Amino acid sequence: MATLVREADGTARPGERPSSGARVFIAMSGGVDSSVAAARLCDAGYEVVGVTLHLWDYPDDGSVKSRCCAPEDQHDARRVADHLGIPHYTFDRRALFREHVVDPFVEAYLAGETPSPCVACNRSVKLRELFPLAERLGVSWVATGHYARVVLEEGGARLYRGRDRHKDQSYFLHMLRSDELSRLLFPLGDSTKDEVRAEAIARGLPGAEKGESQELCFIPSGRYAPFVADRAADRLRPGPIVDRDGRVVGSHGGVHGFTVGQRKGIGVSLGRPAFVVGLDAASGAVHLGDEGDLYAAGAEIADAVWCDDAVFPLEAEVRVRARHEAAPGIIERRRDPATGAESFVARFASPVRSVSPGQMAVVYRGDRVLGGGRIKAALRSQAAS
């Protein structure tokens, strides 16, 4: 079995694991990853309890399949639990998911932002619920099928990237505190997706060859604009499309239909490549520019969470999107002299493309996650200096 908690070269002491026979909650979606994670926990001798959160409702016409919240996936989670001989429970958290994930998602798009709903779900729904549920049932440990690692160091439990850099999900878990990490197990952290898939097939797990969705679980079509429009039709604000010289070159039905960096589907033709470089929800304007206008020298970071040993200014690497290669930079802490409120600014060593408000800026040093927060604004050279 892969190591559940791994030593980090030079700084970490050997990872402590729950003793054999300890009770462990495993979040089960019915997918390959959580199924293999559950099987590995069973192999390690733990008393494993499967838990599925019912988060979203889908049409009953069979049009939605292989999503982490679809009815058949909940059924698959139970089938896997039966296959492994472990108890399985489903808890209804649809109202919580709507409040903390879906509604903020809609609000963010109306505000011209590109949100990170998977971060909100992990922070405010899944782990927020799993820890109390575990405590209520006398369970000390919680496990998930995320591709990430927890390392026990002198200062406490730390979050590290998963070994599979293509599947690494530490970006979506950056907000976890040390006391939470100390109770988390990531059985897949040292494995690649191909290894996990092969293991699921070899074990004969139900759903072992199930496909993997690249879309949000609550918008399986990937069509975000209609989803937002259906839920906020009376708040959509038409506005102008403006080129880099300030000329109005078209109109649109709402900023919710655009994201920074978008090139296709803008609705106008300028005779040259044009990209969405800014969204102004207050005026309703969509600003276009050349590809070079997409690059930012820095980012203002809000709602930040940092590890307790972070010292500023912090020299590290910053990921501004889940699939973005981390860019070197310096994170500075600023304090408002009037209110005392803290804010943070990331200054990149070289300009970074498509820094989108609403996405997360997650900070790394090597494989270790130091923290991060929501991108409030992309900063041009003069603003980041």
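Keep in mind that glycine also has a Cβ here, set from the backbone N, Cα and C atoms.
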Can you tell which of Gly145, Gly155, Gly156 Swiss-Prot lists as binding ATP with Ala27, Met28, Ser29, Gly30, Gly31, Val32, Asp33, Ser34, Leu53?
-> Gly145
Using C-alpha atoms only, work out the spacing between Cys121 (active site, nucleophile) and Gly31 (ATP binding site) and round it to an integer in Å.
-> 17
Output the one of Ala27, Cys121 that, of all these recorded positions, has the highest number of other Cβ atoms within 10 Å of its Cβ.
-> Cys121
How long is the line from the C-alpha of Ser29 (ATP binding site) to the C-alpha of His146 (site 'Interaction with tRNA'), rounded to the nearest angstrom?
-> 11
Which three-state DSSP class does Cys217 (disulfide bond) fall into?
-> coil
Express in Å, rounded to the nearest integer, the largest CA to CA distance found among the ATP-binding residues Ala27, Met28, Ser29, Gly30, Gly31, Val32, Asp33, Ser34, Leu53, Gly145 named in the record.
-> 17
